[in-house]
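Following: one structure in structure tokens, then a few remarks.
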Amino acid sequence: MIDQYKHQQLRIGSVSPQQISAWAKKILPNGEIVGEVTKPYTFHYKTNKPEKDGLFCERIFGPIKSGICACGNYRVIRDKKDDPKFCEQCGVEFIDSRIRRYQMGYIKLACLVTHVWYLKRLPSYIANLLDKSLKELESLVYCDFSFARPVVKKPTFLRLRGSFEYEIQSWKHSIPLFFTTQGFDIFRNREISSGAGAIREQLADLDLRILMDSSLIEWKELGEEGSPDNENEWEDRKVGRRKNFLVRRIELAKHFLRTNIEPEWMVLCLLPVLPPELRPIIQIDGGKLMSSDINELYRRVIYRNNTLIDLLTTSRSTPGELVMCQEKLVQEAVDTLLDNGIRGQPMRDGHNKVYKSFSDIIEGKEGRFRETLLGKRVDYSGRSVIVVGPSLSLHRCGLPREIAIELFQTFLIRGLIRKHFASNIGIAKSKIREKEPIVWEILQEVMQGHPVLLNRAPTLHRLGIQAFQPILVEGRAICLHPLVCKGFNADFDGDQMAVHVPLSLEAQAEARLLMFSHTNLLSPAIGDPISVPTQDMLIGLYILTSGNRRGIYSNRYNPRNCGNFRNLKNERIRDNNYKYTKKKEPFFCNSYDAIGAYQQKRINFDSPLWLRWRLDQRIISSREVPIEVHYESLGTYHEIYEHYLVVRSTKKEIRSIYIRTNVGHISFYREIEEAIQGFCRAYSYDI
């Protein structure tokens, strides 16, 4: 469809019978209305022309050849209103044959049929709205049970009898044996409804606003009646399931009201017929014909529907049970057309091959949407395997030179001509083919101000496509920061991603303002952080920050393992900023000295050390008792706790505090500190 702003869009949902009829009906100059498919035939076996009122009828779906009717007459297609648009003999419209790609037909069903998607798919929308079990509804739809139709202000046999515990009853128990055939027909037409007609009556009687109010009241009552202190766990679970059902029911009713969809539209009286070009019959070598499975399923529906029409119109003495069985066959044929195999064993052809139904055609990776509509190749796009780029910023991606020079070739040519490195397009292209050094310089300048879009199929939510600032990398793989993988549902085991270049200024502005990866840190569904460390990152952080499990007690009880340094000499090593011995953990005045010692290979990254910290009283716990106290000759003493050390003067004043850590912790802390400072700096610039 096309909205009022001329934007092409696709909307999927329930439609009214009037809308289905409007899609298909055409009025001929003689006043005849065409659009209904009544015959299960396709092409005549002698003339190879479409059968009239069949599945490929030219009157309904348009001419096979542009401007040529079924009689063979030709007329130039013009826009003049005076020219006749229909052939007077065959009724075929003189129009472009491409109309057979979108002109629809319809089948007028002799009985009402439920749409199997709304009945059998989970959750069942019909069962949720009617607040009935799916098993009961299936028995009603497939004519195994009957439904007592309420007759307003009239005494009925079923009401007078008063022996029914449930609204839906079995035929054997609801019909007395003394009814004759004629009496039974009167009784059935007046007081009993079965099949999809019973479902439609109940859906039509629903008031969605009253349904929402009653469901909300029941939900509140269940919340007040909950058992305190989990006295009855089984009842609590039962109440919880009922409350969840009521919430789903309210949301479903809201959706119907918001979209102006009537619940009874989930029961079909008109079945749309797809355009012929979407279910073709083609001729292969040897004169044989290949047909789409949809055609065979449509034929099955028409055959059974015509049989039911004959039973209802020509044979008035037909037993009601036979009519009900035929209605059940029509329901099953429509179910097979819409979703083959949803009720059990799928329908197969003569070669034991399962027929592809409408659901099979549109769903999945090879379906109409993902393969035909979403899987098209477009210009200014590329594709490659993704690999990890841990040194990249969150909003950057590494683009291989081979891909970048092709994607940005137009911008590159313009840059070479503007800076007078090439006088025309031909010379610029030759420089690009030869990959001169100036080409890479211009390419980097072009890429600095141009974001790219990365997409990983399937795009199930909006984080499946995000914007990045590209940089040139060696190799043939796209480099990606590991933290953005969760939004794409990607990993580095061979996944591929597509890269697209937004061309217009509007697209580039939208990419920068809305789609950059560092602005999409929360899940749009539940609001939880989505850029969180996983897998290899968690293992790396664990190894980086893991120290001795026994902590400060390791040296006390394992004196042989207290040599934490690679310097095996026993002599005391002194420096201006730190001191350490073989049997003592080193002391450092700042983190730079600790990292310098690690770079000089004098300590390991997991070696415990004491790092001087600012005088922060929050580190000291008032209830914690020191493990050891070391006194020195000048009167100062060290209070050693599990995670920190306090140096006090003779007056018990705190002179300095050391925390027990290792180089891994220090490196991790510095990375976080630099990231926070960079964020604060960027935020202050924005203000």
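A Cβ is built for glycine as well, from the same backbone N, Cα and C atoms used for every other residue.
Around the Cβ of CYS87 (Zn(2+) binding site), a 10 Å sphere holds 22 further Cβ atoms from the protein chains shown. The Zn(2+) binding site annotation in Swiss-Prot covers CYS69, CYS71, CYS87, CYS90, and the record cites sequence analysis as its basis.
Sequence-distant neighbours of ASP491 (Mg(2+) binding site) (same chain, 6+ residues apart, CB-CB distance under 8 A): CYS485, GLN535. The secondary structure of ASP491 (Mg(2+) binding site), as reduced to three states from DSSP, is coil rather than helix or strand. Look at Swiss-Prot and you will find ASP491, ASP493, ASP495 tagged as Mg(2+) binding site, backed by sequence analysis.
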In DSSP terms, helix, strand or coil for CYS90 (Zn(2+) binding site)?
coil
Under a criterion of Cβ-Cβ distance under 8 Å and sequence separation of at least 6, what residues of the same chain contact CYS69 (Zn(2+) binding site)?
GLU58, PRO63, ARG75, CYS87, GLN89, CYS90, VAL92, PHE94
Write down the Cα-Cα distance for ASP495 (Mg(2+) binding site) and CYS71 (Zn(2+) binding site), rounded and given in Å.
56
So how many other Cβ atoms are close to CYS90 (Zn(2+) binding site), meaning within 10 Å of its Cβ?
15
Just name the most isolated of the binding-site residues ASP493, ASP495, going by other Cβ atoms within 10 Å of its Cβ.
ASP493
Taking the mean position of the Cβ atoms of CYS69, CYS71, CYS87, CYS90 as the Zn(2+) site, which residues outside that list, in the same chain, have a Cβ no more than 8 Å away, listed in sequence order?
ALA70, GLY72, ASN73, GLU88, GLN89, GLY91, VAL92
